[in-house]
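**Student:** From Swiss-Prot, for reference:
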{"type": "MOD_RES", "residues": "Pro3", "note": "N-acetylproline"}
{"type": "MOD_RES", "residues": "Lys14", "note": "N6,N6,N6-trimethyllysine"}
{"type": "BINDING", "residues": "Asn123, Thr173, Lys177, Arg295, His327, Ser379", "note": "substrate binding site"}
{"type": "ACT_SITE", "residues": "Lys175", "note": "active site, proton acceptor"}
{"type": "BINDING", "residues": "Lys201, Asp203, Glu204", "note": "Mg(2+) binding site"}
{"type": "MOD_RES", "residues": "Lys201", "note": "N6-carboxylysine"}
{"type": "ACT_SITE", "residues": "His294", "note": "active site, proton acceptor"}
{"type": "SITE", "residues": "Lys334", "note": "site 'Transition state stabilizer'"}
Amino acid sequence: MSPQTETKASAGFKAGVKDYKLTYYTPEYETKDTDILAAFRVTPQPGVPPEEAGAAVAAESSTGTWTTVWTDGLTSLDRYKGRCYHIEPVAGEESQFIAYVAYPLDLFEEGSVTNMFTSIVGNVFGFKALXALRLEDLRIPVAYVKTFQGPPHGIQVERDKLNKYGRPLLGCTIKPKLGLSAKNYGRAVYECLRGGLDFTKDDENVNSQPFMRWRDRFLFCAEAIYKAQAETGEIKGHYLNATAGTCEDMMKRAVFARELGVPIVMHDYLTGGFTANTTLAHYCRDNGLLLHIHRAMHAVIDRQKNHGMHFRVLAKALRMSGGDHIHAGTVVGKLEGEREITLGFVDLLRDDFIEKDRSRGIYFTQDWVSLPGVLPVRSGGIHVWHMPALTEIFGDDSVLQFGGGTLGHPWGNAPGAVANRVALEACVQARNEGRDLAREGNEVIRXASKWSPELAAACEVWKEIKFEFEAMDTL
């Protein structure tokens, strides 16, 4: 035996593989206010005890590896390791468990969602001892929240910039999403804004393709915005998509948008990445631009019930990284969204303090302290008949975005925008008068359509349209 080996042995190092639960399962641990807390839905492989599976998640997402290493003795594992401190079975599921893990704050770089996710939702999701793993929720401690700028401006500052109060904001995604020339695209933007919408939107697929380069689109959309503003006397905006293949190109587009004097730009935060998104959010605050966020790719991550990551975690991450709007499900329409769960992460986006409420999928109390709120965006298969439900469910602090529900109007874009604006104003007035939109909504829309031919035509076109499928996102 060499002297070196003897030294290691005498120091107490013992090579080999040992159960994770001996080090990382600590049911007696009392969580600290500074810990990041995670709730994982764990599906262990057959024969793997839930305690070992939960401990493996804590280990592999913090300081652990598959075997004992002598360098463990050069640091304080008790200070830096993640701890699985509680496990509970999932009701109605035979082999699924919720494992609660606490992470010391020192494991994470300040102000970096990228670093936080690299640890918590990194290699551990491919771990062989687990059949599946889903991150259901995170508790971000105040000490970590305060290292983030968050949304560039937030809900109240946006309303002040736009001078729009007391109602949801109205938007529309320009269709067809691909193939229009820049000039025809700008024309569609102008007609929608002139008709009464607050915003129009680049589809997330629109970046800078051969049929419409980004600079041409920005110029024609800016022209449409200024023309519509002059005619209506209202502040208008178009979500100019700054998403690009490189961060440098993304910033070039944001700078050009600022030079044009438009109020808002857009970013695909999951396909673009959190580092790019946080960079853009910082620029937007410094330069007075609002930032609209699209969540393209989210369903790849969040749609399966037993593996991946719930959207409430992605919503929290966006609030930390930065965005003034984000698409967040409709409850009605064509896209996924179960009511109580959706309202849970809507509160996580908008409110300063959100209590734990398992009936809405909220596993931890979350305190955002001074981090600004994010406006949730409703889009996907919605039309004028949905307006009462959307107004009643989501209240004033939301953006209602009707793509086909505007551009599909039989008389064209501007009448489609008029129909949506009239329907919204009628619903807001009825609500303010104390009427029950859940019960009287259709009557409110019918009454308004008697003096708005544009709304009457829209009501006729979409009276039979429904999207009736069972929601996959259930508790």
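Every residue gets a Cβ built from N, Cα and C, even glycine.
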**Student:** Out of Lys175, Lys177, His294, Arg295, His327, which of these recorded positions shows the lowest number of other CB atoms within 10 Å of its CB?
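**Tutor:** Among the recorded positions Lys175, Lys177, His294, Arg295, His327, the lowest count of other Cβ atoms within 10 Å belongs to Lys177.
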**Student:** About how far apart, in whole Å, are the alpha carbons (Cα) of His294 (active site, proton acceptor) and His327 (substrate binding site)?
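**Tutor:** Rounded to the nearest whole number, the Cα-Cα distance is 6 Å.
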**Student:** Mind giving me a neighbour count for Glu204 (Mg(2+) binding site)? Other Cβ atoms within 10 Å of its Cβ, every protein chain shown.
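**Tutor:** Its Cβ has 20 other Cβ atoms within 10 Å.
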**Student:** Residues near the Mg(2+) site, Lys201, Asp203, Glu204 excluded, by Cβ within 8 Å of the Cβ center?
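**Tutor:** Apart from Lys201, Asp203, Glu204, the close residues are Thr173, Ile174, Lys177, Asp202, Asn205, Val206, Tyr239, Asn241, Met266, His294.
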**Student:** Taking the Cβ of Lys201 (Mg(2+) binding site) as centre, how many other Cβ atoms lie within 10 Å?
**Tutor:** 29
**Student:** What is the biggest Cα to Cα gap, in Å, among Asn123, Thr173, Lys177, Arg295, His327, Ser379, the residues listed as binding substrate?
**Tutor:** 37
**Student:** Enumerate same-chain residues with a sequence separation of six or more from Asp203 (Mg(2+) binding site) and a Cβ-Cβ distance below 8 A; give 'none' if the list is empty.
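**Tutor:** Spatial neighbours, sequence-distant, of Asp203 (Mg(2+) binding site): Thr173, Ile174, Lys175, Lys177, Leu178, Asn241.
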**Student:** Rounded to the nearest Å, what's the C-alpha distance separating Glu204 (Mg(2+) binding site) and Asn123 (substrate binding site)? Just drop the number here, would you?
**Tutor:** 29
**Student:** Of all the binding-site residues given, namely Asn123, Arg295, Ser379, which is spatially nearest to Lys201 (Mg(2+) binding site) at the Cα level?
**Tutor:** Ser379
